[in-house]
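Asker: So Swiss-Prot lists these for the protein:
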BINDING   115, 165, 169, 287, 319, 371  substrate binding site
ACT_SITE  167  active site, proton acceptor
MOD_RES   193  N6-carboxylysine
BINDING   193, 195, 196  Mg(2+) binding site
ACT_SITE  286  active site, proton acceptor
SITE      326  site 'Transition state stabilizer'
């Protein structure tokens, strides 16, 4: 045995804490928020994360001599305090790109958020951000279509797109489900949507739903002269079943399908995205289960990481929360990961939670979807926050209209167009929101009733997961 080999256990920081290291452009960089066990030095905790998420194990092993460990190991190169948190700290780790399979988000996450999250030396661990190098981005397929192609295909420009989730989301027969879709689309919406948990249940098998939805879309297109769509959820118990459903949607002439990317998994999502690109279909992505992973401020994976991974894995639309609705998410954090979905370059900006510069090159962008507890009074804020390259989805805010879903859809369409017109005229639509909506309501009885119905409805709860920024 080589004389270089010394059996036994040594501290992680002897090998994986490298404060003099300067990251390479080709390195994959990660920022972890670490909370170690009492008495364990920060450097040892951070080095343990670097080791266990790359080449390390608990003991020195002879087979290290068979490879170039210094080339392949992850390196913790910086530690920072977390503002306002004396228990936790940020560990910045650089990983050589050769540790990861090209184009595989599954492989990246298996390393970075694998066994290390169960490590006893850690009380909590959270993956806050990843900087993907351009060499890795170029190996990923990304969105099957992107923002501009979707606009061209749907022939919709100059404003956010408008949609809603069909309610009740479970329990309707296929025919009644199609009836609700028709009412919404003829009322003025661009899209309707399956909810995340409707697949193929006894009360409504997927073929039946797809057929009645297709009929509803064709009728509404004939009546309105506009291109319409419905997110047909093809998420299934096996990939083979998922592709069968996608093929049937294509046969029916539908423009868009849907996938629950976290419960379905990144491998399934990447495969479906490739299928959509090949077959000319748009792909809507729901983030069901995300809050289990991202809501705890000290443990899990931040949603900005999931959003980045989804852009690389592939999707044309992704749910991002609303800021003003019923779901978790403050304004600056939400804007931070919306930038990661849509922009070609996003600079480091701690005020938005972005720990690294991120160059996306020529990869197409993803529509940000605002959905969850929103109604017409929220429209000015939504237009201001999300901008044009977004989908604003009003579920209860459509179906809960006293005159029915068609009237709710009409109210939302009038409110949206009034806000876009006011914005284009240079008005501050958030400050002047009441005047803008009340004026539009004078010419739309549907909007006037909606404004009266939801005038007292607010979701004013403090955000659980807040940005760690210095005051």
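The backbone N, Cα and C atoms fix where each Cβ goes, and this holds for glycine too.
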Asker: May I ask you to report the DSSP-based helix, strand or coil state of residue 287 (substrate binding site)?
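Answerer: Going by the DSSP assignment, residue 287 (substrate binding site) belongs to neither helix nor strand, so it counts as coil.
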Asker: Other Cβ atoms within 10 Å is the metric here; tell me which of the recorded positions 169, 193, 287, 319 scores highest.
Answerer: 193
Asker: Looking at the recorded positions 115, 165, 167, which ones sit with their CA no more than 10 Å from the CA of residue 286 (active site, proton acceptor)?
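Answerer: None, since no candidate lies within 10 Å.
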Asker: Would you mind reading off the Cα separation of residue 115 (substrate binding site) from residue 196 (Mg(2+) binding site), to the nearest angstrom?
Answerer: 29
Asker: If we check Cα distances from residue 167 (active site, proton acceptor), which of the binding-site residues 195, 287, 371 wins as closest?
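Answerer: Checking each of 195, 287, 371 against residue 167 (active site, proton acceptor), the shortest Cα distance is to 195.
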Asker: If you run the three-state DSSP split on residue 169 (substrate binding site), which class comes out?
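Answerer: Where residue 169 (substrate binding site) sits, the three-state DSSP reduction gives coil.
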Asker: In whole Å, how far does the CA atom of residue 371 (substrate binding site) lie from that of residue 193 (N6-carboxylysine)?
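Answerer: Between the alpha carbons of residue 371 (substrate binding site) and residue 193 (N6-carboxylysine) there are 11 Å.
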Asker: Which of these binding-site residues is closest to residue 193 (N6-carboxylysine) if you go by CA atoms: 165, 169, 287, 319?
Answerer: 165
Asker: For the Mg(2+) site given as 193, 195, 196, which other residues of the same chain have their Cβ within 8 Å of the site's Cβ centre?
Answerer: 165, 166, 169, 194, 197, 198, 231, 233, 258, 286
Asker: Quick one: Cα separation, residue 169 (substrate binding site) versus residue 195 (Mg(2+) binding site), in Å?
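Answerer: About 6 Å separate the Cα atoms of these two residues.
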Asker: For residue 195 (Mg(2+) binding site), what is the tally of other C-beta atoms lying within 10 angstroms of its C-beta?
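Answerer: Its Cβ has 19 other Cβ atoms within 10 Å.
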